[in-house]
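Student: First, the structure itself, so that you have it in front of you.
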Amino acid sequence: MIIFKKKAILKVLLLVPVFWICSLIFFAATSNDSSQIGSNNDLANKIAEANFHPKAAKQDVIQGFGPPIEPEPVVENNKVEEEEQPGGNLAKPKFMVDPNDPIYKKGDAAQAGELGKAVVVDKTKLSTEEKAKYDKGMLNNAFNQYASDMISVHRTLPTNIDAECKTEKYNENLPRTSVIICFHNEAWSVLLRTVHSVLERTPDHLLEEVVLVDDFSDMDHTKRPLEEYMSQFGGKVKILRMEKREGLIRARLRGAAVATGEVLTYLDSHCECMEGWMEPLLDRIKRDPTTVVCPVIDVIDDNTFEYHHSKAYFTSVGGFDWGLQFNWHSIPERDRKNRTRPIDPVRSPTMAGGLFSIDKKYFEKLGTYDPGFDIWGGENLELSFKIWMCGGTLEIVPCSHVGHVFRKRSPYKWRTGVNVLKRNSIRLAEVWLDDYKTYYYERINNQLGDFGDISSRKKLREDLGCKSFKWYLDNIYPELFVPGESVAKGEVRNSAVQPARCLDCMVGRHEKNRPVGTYQCHGQGGNQYWMLSKDGEIRRDESCVDYAGSDVMVFPCHGMKGNQEWRYNHDTGRLQHAVSQKCLGMTKDGAKLEMVACQYDDPYQHWKFKEYNEAKAIEHGAKPPS
């Protein structure tokens with residue numbers, strides 16, 4: 001009898017913890033308020049832990065950096081004074097949004113930044129503490145977080161969309177899309193504004209989900225506060241956590257892998273979508289699943305967060321230069337003639353890469369992104385070439401507008417030792433550019449280094465039956481200047497001083513209307529790589545050396561000669577400006593360029609291109625008399 005009682009007691013002791021464990025598992029499975037995907041810090045487990053250890057759950061009210069969490073219930077006489085929630089201890093998180101916090105206000109016309117207006121912060125009038133906060137926001141984000149935190153995450157945007165877009169009719173049976181937003185330590189107000197603009201301006205029947213891909217953020221507001229805030233959307237917003245810092249390309253691929261929508265729409269984490277942005281994109285894909293579409297990208301000022309809306313007539317299309325850098329240019333005349341309305345979708349040779357929609361199955365058929373690409377850079381051109389050369393179409397849709405915060409620098413830190421953009425670009429060139437790859441290699445002084453195995457990507461191109469890059473240039477981007485037509489190219493060296501000085505653009509590739517200077521020759525190409533066209537232009541891809549009577553500048557090439565026409569004599573080394581008849585020289589210390597009267601024996605007017613094709617110069621009549 002005693003033995004029987006002992007066995008019974010033992011069974012009870014064993015069954016009680018088993019019962020509680022099963023209960024916890026059941027409640028965790030049925031309380032899926034935060035749609036966290038593959039996370040190591042599941043929200044349900046955190047709430048359970050907080051309830052078992054109440055002191056651990058204490059959290060201060062957060063303003064501007066995360067959602068305020070409702071305070072702990074008051075415990076008196078071991079009794080919790082709160083309304084009982086279904087699901088026991090695993091109750092859904094509650095939110096106590098501070099009504100005085102400007103970022104959560106909705107529908108207040110007097111709110112800062114409404115209708116996309118600028119928020120101007122006079123830093124000189126801030127207290128020492130507020131100045132420190134202002135500076136920290138700038139340092140962490142490379143945009144004015146202080147101004148952003150004064151603007152509602154629900155703010156309204158300009159309503160001056162093109163009138164024709166307001167009456168445009170779209171297919172009634174459009175596919176559903178997953179919107180994928182990758183981020184790393186994005187500012188709270190900016191990230192939430194991006195998400196809310198998607199949720200509030202996309203018809204619910206078209207929005208499958210929003211997938212937030214966290215690329216291993218380490219700021220507190222991107223962790224539990226973000227999970228708890230997004231749980232209010234009932235599974236519409238999901239969070240995917242990367243287990244290590246992977247970069248934009250791999251983060252996007254992970255997002256695509258879990259997305260369930262028929263169409264994938266990619267956005268950056270510092271965007272705002274305008275009303276009616278989604279329907280025009282999905283309509284084009286509905287008509288042809290091999291069409292990849294981009295919205296018009298409006299500029300959100302990185303300092304004031306003013307939304308600059310552009311009209312359809314001024315839509316630009318994407319291009320690239322032989323440094324394999326993306327650029328914008330106006331719609332070519334040949335395409336403009338084929339359009340009946342300014343709001344008609346327009347073909348684009350390339351995409352900027354941050355904002356676009358693509359049929360998921362078609363994306364997979366194209367091989368998604370090159371898995372050998374690291375971090376970011378070059379993926380937009382790879383996808384653009386692949387779309388056009390392998391039977392698809394790439395368009396910009398003027399009735400779809402999304403604002404984007406364009407920063408002047410990147411706030412992110414990466415491991416050093418490898419030029420990631422260069423490595424990605426070499427892989428791109430090897431697979432897609434055919435013999436034209438030499439034009440890129442000349443710009444990096446033919447220093448290729450280790451770019452990995454590309455055999456699988458070449459096989460992909462072969463299996464897809466893609467066209468040649470020459471076909472792409474002839475049919476999709478005939479406006480691009482081809483370096484093979486150059487009379488001379490490479491560095492432009494002057495040896496009057498030592499070390500020798502080279503003509504140097506001294507600005508970023510996309511910066512124009514800036515002075516040209518000289519710098520010690522470095523042999524790396526880049527800012528010192530120039531081309532002399534058959535028309536006498538000294539080109540840096542789409543920029544030309546221009547002289548209008550004051551400084552020697554780089555301006556966008558206009559193809560009309562004039563101030564951009566130069567006559568080069570390789571024998572004497574003179575670069576003579578056709579209009580002014582002056583010659584390009586430099587000061588005695590080699591520090592500055594100057595335009596002076598031509599003198600045959602002046603070594604400071606003696607310039608040598610690294611490569612010169614005399615036969616081509618004679619052929620095009622580009623060789624002036626000595």
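Heads up, the Cβ atoms here are built off N, Cα and C, so glycines get one too.
Not measured: the values here are computed from a predicted model.
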Student: May I ask you to find which of His401, His404, His522, His558 Swiss-Prot records for the Mn(2+) site already listed with Asp268, His270?
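Tutor: When Swiss-Prot describes the Mn(2+) site, the candidate it includes is His404.
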Student: Return the residue out of Trp322, Trp376, Trp388, Trp432 that Swiss-Prot annotates for the same substrate site as Asp215, Arg245, Ser269, Arg407, Tyr412.
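Tutor: Site partner of Asp215, Arg245, Ser269, Arg407, Tyr412 for substrate, according to Swiss-Prot: Trp376.
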Student: Choosing among Cys399, Cys466, which residue does Swiss-Prot name as bonded to Cys390 by a disulfide?
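Tutor: Checking Swiss-Prot, the candidate bonded to Cys390 through a disulfide is Cys466.
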Student: For Cys521, what is the disulfide-bonded cysteine listed in Swiss-Prot, choosing from Cys502, Cys544?
Tutor: Cys502
Student: Suppose we draw a 10 Å sphere around the Cβ of Cys583 (disulfide bond). How many other Cβ atoms does it contain, all chains included?
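Tutor: A count of 25.
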Student: Of the recorded positions Cys165, Asn338, Cys521, Cys544, Cys598, which sits closest to Cys390 (disulfide bond) by Cα distance?
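Tutor: Spatially nearest to Cys390 (disulfide bond) by Cα position is Asn338.
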Student: Given the disulfide-bonded residues Cys165, Cys466, Cys557, Cys583, Cys598, which one's Cα is the least distant from that of Asn338 (N-linked glycosylation site)?
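Tutor: Considering only the listed disulfide-bonded residues, the nearest one is Cys165.
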Student: Taking the Cβ of Cys165 (disulfide bond) as the centre, count every other Cβ atom within 10 Å, in any protein chain shown.
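Tutor: Here the count is 19.
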Student: Reported in the order helix, strand, coil, what are the DSSP residue counts of the domain 'Ricin B-type lectin' (488-610)?
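Tutor: Counting residues per DSSP class in the domain 'Ricin B-type lectin' (488-610), I get 9 helix, 52 strand, 62 coil.
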Student: Pop the Cα-Cα gap between Cys557 (disulfide bond) and Cys502 (disulfide bond) into the table, whole Å please.
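Tutor: Their Cα atoms are separated by 21 Å.
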Student: For Cys399 (disulfide bond), just give me the three-state DSSP call.
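Tutor: Note: Cys399 (disulfide bond) is in a strand by DSSP.
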Student: C-alpha of Cys598 (disulfide bond) to C-alpha of Cys399 (disulfide bond): distance in Å?
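Tutor: Here the two Cα atoms lie 54 Å apart.
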